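*Asks:* The ATP binding site feature in Swiss-Prot is assigned to GLY16, PRO17, THR18, ALA19, SER20, GLY21, LYS22, THR23. Per Swiss-Prot, substrate binding site is recorded for THR18, ALA19, SER20, GLY21, LYS22, THR23. Per Swiss-Prot, region 'Interaction with substrate tRNA' is recorded for 41-44, 165-169, 253-258, and the stated evidence type is sequence analysis. The feature site 'Interaction with substrate tRNA' is assigned by Swiss-Prot to THR107, ARG129, with sequence analysis given as support.
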Amino acid sequence: MNEVKSVGAKYIALTGPTASGKTAAAMAIAQQHDVEIISVDSALVYRGMDIGTAKPTVDELAAVPHHLINIRDPLQAYSAAEFVADAQRLIDDIAARGKLPLLVGGTMLYFKALFYGLDDMPKADPAVRAELASEAAAKGWPALHAELATVDPVTAARLAPHDSQRISRALEVFRVSGQPLSFFHQQNAAKTIADDGREERTEILISLEPQERSWLHHRIAERFDAMLAAGFVEEVKTLRARGDLTPDLPSMRCVGYRQAWELLDAQEARSPGGSFPMDELRDKGIIATRQLAKRQVTWLRSMPQRQIITCDTDQALPLVLQAVAQHIEKSSR
């Protein structure tokens, strides 16, 4: 299952942790090559979530054709399986029109699903998820984390007691299948085929990765400050005011949105109409974004076929453009 799959046409994939400069690099590639961009970002699919997702600007969207952005209402889910189907269709369509598909984003699960296929584990069960959400509301997520530790200690050991999304999925898998989530991960790992010796691929995965974490942390803080200045809290207030969204939805679990929603709830309970704790949101949002970046880097290390470009140097963009040009020349021979 983990042998890299052909998706029909050659393409270029550009990834890296959040705030590593993927959008700027993609736009630079687009200036030199006739590309269409396919977003590989589970947050950018949602309409009305522009500021907190660092969505490409109106000018950027107009300058280069983009796909898989603004395709879902925040009330809807969008799975890795749906992404793979959409991405494969778009790759073939873009290539058929004589253009180069450029996949850009940091949702590593999507990349892994596209490259290697999906894990052979149980599908989501809405009834079980609702049951778990009800139990969590009554007992709290730490209690469900403790339950997980009894049936799947391997998975529980790597999850925080309040990691609701992952605790819910792990317990859901166990209740549906009778097997722990770690069992399916082990089965998948056993099928992994080493990259060495694979046939030459017609795709390339470029990964922007910093040498110094402090550089990335500074960029994350700068970007979150810019989001706050651009009206991120008002964006979350607008989403909450719809009345049909809840903090348990995948859209509202996105980094930044979850923290803002929780603080807005706390403010209303404590002092309706009082001042919003902007400094607290800044701290929580930056910490959560750093944690996201750390998880993304961990995912990247499981993709040995990637071509690493050090992004915290002045040569990052020239090196990306060079790698793209060399790959296009090589694959056209």
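Note that Cβ sites are derived from N, Cα and C of the backbone, with glycine treated the same way.
Predicted, not measured: the structure shown is a model, and the values here were computed from it.
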*Asks:* Near the region 'Interaction with substrate tRNA' (253-258), which same-chain residues lie under 8 Å Cβ to Cβ, leaving out any that are not at least 6 residues past its ends?
*Replies:* 18, 42-43, 46, 49, 52-53, 164-165, 224, 227, 232, 236, 239, 247, 285, 288-289, 292
*Asks:* Using DSSP, would you call THR23 (ATP binding site) helix, strand or coil?
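*Replies:* In the DSSP reduction, THR23 (ATP binding site) maps to helix.
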*Asks:* When you measure from the Cβ of THR107 (site 'Interaction with substrate tRNA'), how many other Cβ atoms are you left with inside 10 Å?
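*Replies:* Within a 10 Å radius of the Cβ of THR107 (site 'Interaction with substrate tRNA') lie 20 other Cβ atoms.
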*Asks:* Just give me the nearest neighbour of ARG129 (site 'Interaction with substrate tRNA') among the binding-site residues PRO17, ALA19, SER20, GLY21, Cα to Cα.
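*Replies:* Its closest listed neighbour, by Cα, is PRO17.
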*Asks:* Quick check: with THR18, ALA19, SER20, GLY21, LYS22, THR23 left out, which same-chain residues have Cβ atoms within 8 Å of the centroid of the substrate site Cβ atoms?
*Replies:* GLY16, PRO17, ALA24, ALA25, GLY106, LEU208, ARG219, CYS311
*Asks:* Give the distance between the Cα atoms of THR107 (site 'Interaction with substrate tRNA') and THR18 (ATP binding site), rounded to the nearest whole Å.
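*Replies:* Pair distance, Cα basis, whole Å: 9 Å.
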*Asks:* Can you check which residues sit near SER20 (ATP binding site), meaning Cβ under 8 Å from its Cβ, same chain, 6 or more apart in sequence, and list them in order?
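*Replies:* Expected: GLY106, LEU208, GLU209, PRO210, LEU216, ARG219, CYS311.
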*Asks:* May I have the DSSP-based helix, strand and coil counts for the residues of the region 'Interaction with substrate tRNA' (165-169)?
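*Replies:* Result for the region 'Interaction with substrate tRNA' (165-169), in helix, strand, coil order: 5 helix, 0 strand, 0 coil.
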*Asks:* Counting other Cβ atoms within 10 Å of each Cβ, which of the binding-site residues GLY16, PRO17, GLY21 scores lowest?
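*Replies:* GLY21, out of the binding-site residues GLY16, PRO17, GLY21, has the fewest neighbouring Cβ atoms within 10 Å.
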*Asks:* Taking the Cβ of THR18 (ATP binding site) as the centre, how many other Cβ atoms fall within a 10 Å radius?
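*Replies:* Result for THR18 (ATP binding site): 21 other Cβ atoms within 10 Å.
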*Asks:* Starting from each candidate's C-beta and looking 10 angstroms out, tell me which of the recorded positions LYS22, ARG129 has the most other C-beta atoms.
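*Replies:* Of the recorded positions LYS22, ARG129, the most buried by Cβ count within 10 Å is LYS22.
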*Asks:* What is the number of other Cβ atoms found within 10 Å of the Cβ of THR23 (ATP binding site)?
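*Replies:* THR23 (ATP binding site): 18 neighbouring Cβ atoms within 10 Å.
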*Asks:* Which value does the mean pLDDT take for the region 'Interaction with substrate tRNA' (165-169) in this predicted structure?
*Replies:* 92
*Asks:* Taking the Cβ of ALA19 (ATP binding site) as reference, which residues of that chain separated by at least 6 in sequence fall under 8 Å from it?
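*Replies:* For ALA19 (ATP binding site), the qualifying residues are LEU216, ARG219, ILE220, ARG223, THR289, ALA293.
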